[in-house]
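*Asks:* Supplied in structure tokens, the structure appears directly below.
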Amino acid sequence: MKKIIIGMLVLLMLFTVVGAAAAQSGKYALVVKSAGNPFMEKVREGFENAISEVGGEAIYKAPAEPTVEAQIIMIEQLITQRVDAIAISANDPEALRPALQKAMSRGIKVLSLDSSVNPNSRMVHVNQADPEQIGRVQIQGIAEMIGGEGQIAVLSATSQATNQNLWIDWMKKELEKPEYDNIELVKVAYGDDLRDKSVSETEALLKSYPDLKGIIAPTTVGIAAAGKVLTDRDLVGEVYLTGLGLPSEMAEYIKNGVSPWMYLWNPIDLGYLAGYAAEGLVAEEITGEAGESFTAGDLGEKEVIKAGEGTEIMLGAPFRFDADNIDQWKEVY
Amino acid sequence: MENKLEKGLTFNRKIKAEKEFNLKDFFLQWEWLLLLIFIAIHIMNSQLSPYYLNTYTLLDATMTFLDKAFIALSMTFVIIFGDIDISVGSTVALSSVIMAVLYNAGLSMPLAIIVCLLVGITAGFINGILIVKFKELSAVIVTLSTMILYRGIAYIILEDQAAGGFPMWFNFLGWGYIKNLIPVILIAFSVAAVIFYLLLHKTTFGRKIYAIGNNDIASLFSGVKVDKIKLIVFTLNGFMAALAALFLTSKMGSTRPNIASGYELDVIAMVVLGGVSTSGGKGRMIGVLLSIFIIGYLRYGLGLVNVPSQVILIIIGALLIISVLVSNLLYGNKSE
Amino acid sequence: MAEKSSENRMSLERIQQIREFSLIGFIIILSIFVQFRNSNFLTMANLDDLLTNTAILSILAVGMMMVIITRGIDLSIGATLALSGMLTSMLVSVYPALHPLAALLIGTLIGFVSGSIIGLLVAKFNILPIIATLGMMNVFRGITFLISGGKWVSAYQMSDSFKSISTGSILGINNLIVISIFIYLVFYYFINYTRTGRKIYAVGSSPKSAKVSGINVTKITWLVYSIMGSLAGLSGVLWVSKFASAQSNTASGYELNVIAACVIGGISIAGGEGKVTGLLSGVLLYGILENALPMINVSPFWQNAIQGAVILIAVVVSALIKRKTGSSNKIRRED
């Protein structure tokens, strides 16, 4: 007990020594969904490029597991470090609100990218591509592949992934158009972004719907797992696959014809744009109001537009990867 | 005699011939070691980051790890039995989800909070009753099944939705300060810690817990109602999980079925690093409290200088093993 | 005394048998039910899928069974699997000509090293298995993150021969199934008919009496974790080859699936009990649940709860059966 009391005293002494905090200018933090994700590593690359161009310091934070709890802790650590801006790809659109509002109340500029947070917890969102466009273009793609008729299915990530759910909603709206009357969406399956589960879900789709013509997988792990299953079963030309995937993961399946083409945006540009948007906010060049514009380095002039309740900055249209261009991209990301 | 003892009694617990004589010394030393680590971490952190060593940061940091720590308090009891409860993360999710759904369905917030705690109590009680009624099943198996089951129920209730929109005052639990300085959660935790400390070390209830952990058959013979105490402790563990759910939910402002995943391992690590042996009968609350703050401040400090989270993983893992290793080497092997 | 214990063993054997039969009965009923809902279930093609997808789990379960028999647990296997898978596939991406057998061997070796470190911590330094494996889980996972630098190894970086490890077949049977059958045969023999194998049970039943009777408990315990590690390493190569992609978070949390399969298979966490045949039915039931639930269009939100309920029912029923046979109190543990 005595020792503990002594320890406490030592601690108290430590407490009283207040560390002098020299405020540096220009600290920009990027918080991503989780570590070990090549897409996010490329976003980081772009972000760091932009920040070094404007002469600031970039901080990269990636939780070991993709949980919102871990992201909250990281935001608190960033508040303590007195960063100037936080750019975040959220694991949950709503649950970061208290943490991000606390950051904003301390004068930190908050923006989201890739996976957004709700408008009241951010100043602006950097959108890789319009969700409506992403949803619709995948239906258009699969319709072209299967010749306008037949059964299709969606293999998504987790059932609560906000991005995916939004895209799937737009897919369903696109399917209401009369030209898709002969296309039937039979099931939305969830592979939870796990390899093994995505594989068994794909196999279950093939068995439950023997006439299945096409699969849309708007998620990196899912599309690669589906590509693997279709390749192993030699279903090239019988069941078509498209969706959103990493070029490196999909190179094999685009070249063997399982997936004639698929879509994604350029993560480096996404990070780059987010970096410049953060700088714009910090320099008070923009405030996140619709109608403002700023120069995003090599990307040129970008405009803040209204989106739902909040505002966003659009990167561009989703990029189409096919057999002709995949080789130059597979090494990149 | 031995055969008689075995007959008709719980059999899945080992009878240990515990040497009592220098146990107390050992624990004093173990906690001394923890205190050294604790101080070392503060020195290291303040060297690493200029933002670390001030009252505000040190107090604020507690907000990032104290929610799980509530469960560590009651988990200490469970582990002193020589049992384990890995369903706590799921209990957090289930009670949080039910609270949010009922609130959104029109129940008033105070009532929803009571329901949340009741859900935790029920979940813990179910664990306890299964463990007590089916002695053939170890606590690991029972709580492994209920871990999957409870989270499964949370998924059935809320599917892919989030629920939230709680009243403003509820935010106060996770984010509020007293006098603009001391986090509410720190005060709540301190109160809970004192209660659990007294419960374990100053009451007959606590003594019975140790007795059961050391030798539950002998305790039974000496008139300890082993089943009843186990039931109470597992129920208490469920209750504490629900309490943690309140703070976590407040922190996030909304909830989903997938929250608090992996909490069980974090909590077990806190307890075990605190010197509570999973073979039962040993460990003290002071050690657990120290270890909660060691792990919490270590994570926070490393995060403050933006050490990649995978490196933090390695450091925490190594710390866990090395500290147990050192204690084994210094103070001889554990029991048996 | 000797007579009595052999009598006990007899009745235990009987309990195990009843347990297995009831489990197999449950599997049959479940299969019939699923078959009614989706006629594709009991087709050769689906059974092939089912077994292929369960193969890796089943291999890990053998190792976990031995660990659990010695009263231990290994939470690090998912991380070991990821480490071995990542290292091997990185190697393959640099040396595409690497022979598949060499890849398997290297993966197994990486797993062996990981496992033997844990074995050393548990056996030599008396660190409790749950702590040692929890700690090393973090360490292995972190190392995998660091080595890979956050990158994945993708299909195009792997040679065809490497990918064919798990897509190829021998006599029309998928390699993964062949490998797991082989492993089951080897370990069935090892556990039941070799002295070392029997010693594992002795250590689990009562470490003290095992020590008294001259068994090197330290060595056996170390061996068990090393075998577990080796199997996890092997599984890492199979996993990466099967999915043609290596990530640092591969198989995160997979250890719980493996432990669950062991538990359903009647391996008692209290140690000393459990048989390869029982394990097999546990693994099979787990595999069927994973395979059948998506096929009969169970809402994905219900899958967790159903799995949890089935495991709970399986263990409770087996406990009740044990009681019915009346020998639940005569347990051959005396330490």
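Every residue gets a Cβ built from N, Cα and C, even glycine.
Where the annotation comes from TrEMBL, it is an automatic prediction and has not been curated.
What TrEMBL lists as transmembrane segment is C:21-38, C:50-68, C:75-95, C:101-123, C:130-150, C:170-191, C:220-240, C:252-271, C:278-296, C:302-321.
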*Asks:* Counting only pairs 6 or more apart in sequence, are there at least 3 Cβ pairs under 8 Å between the transmembrane segment (C:220-240) and the transmembrane segment (C:101-123)?
*Replies:* yes
*Asks:* Is the transmembrane segment (C:75-95) close to the transmembrane segment (C:130-150), in the sense of at least 3 CB pairs under 8 angstroms with a sequence gap of 6 or more?
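*Replies:* The answer is yes, given that the two segments have at least 3 Cβ pairs within the 8 Å cut-off.
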*Asks:* Looking at the stretches C:50-68, C:75-95, C:101-123, C:252-271, which one shares the most CB pairs under 8 Å with the transmembrane segment (C:170-191)?
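*Replies:* Per the Cβ under 8 Å count, C:50-68.
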*Asks:* Using Cβ atoms only, state whether the transmembrane segment (C:101-123) and the transmembrane segment (C:75-95) have three or more pairs under 8 Å that are 6 or more apart in sequence.
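*Replies:* Yes, the stretches contact each other.
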*Asks:* With a Cβ cut-off under 8 Å, give me the same-chain residues at least six positions beyond the ends of the transmembrane segment (C:21-38) that come close to it.
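*Replies:* Cβ under 8 Å, 6 or more out: 264-266, 278, 281-282, 284-285, 288, 292, 295-297, 314, 317-318, 321.
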*Asks:* Counting only residues 6+ away from its ends, which parts of the chain sit with a Cβ under 8 Å from the transmembrane segment (C:50-68)?
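*Replies:* 74, 77, 81, 129, 166, 174, 176-177, 179-180, 183-184, 187, 191, 200, 224-225, 227-232, 234-235, 238-239, 242, 254-255, 257-259, 261-262, 265, 267-269, 271, 274, 276, 279-280, 282-284, 286-288, 290-291.
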*Asks:* Taking a Cβ cut-off under 8 Å, which residues six or more beyond the ends of the transmembrane segment (C:252-271) line up next to it in the same chain?
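*Replies:* Sequence-distant neighbours of the transmembrane segment (C:252-271): 16, 19-20, 23, 57-58, 60-61, 64-65, 68-71, 73-79, 81-82, 137, 141, 204-205, 278-283, 285-286, 307, 310-311, 314-315, 318, 333.
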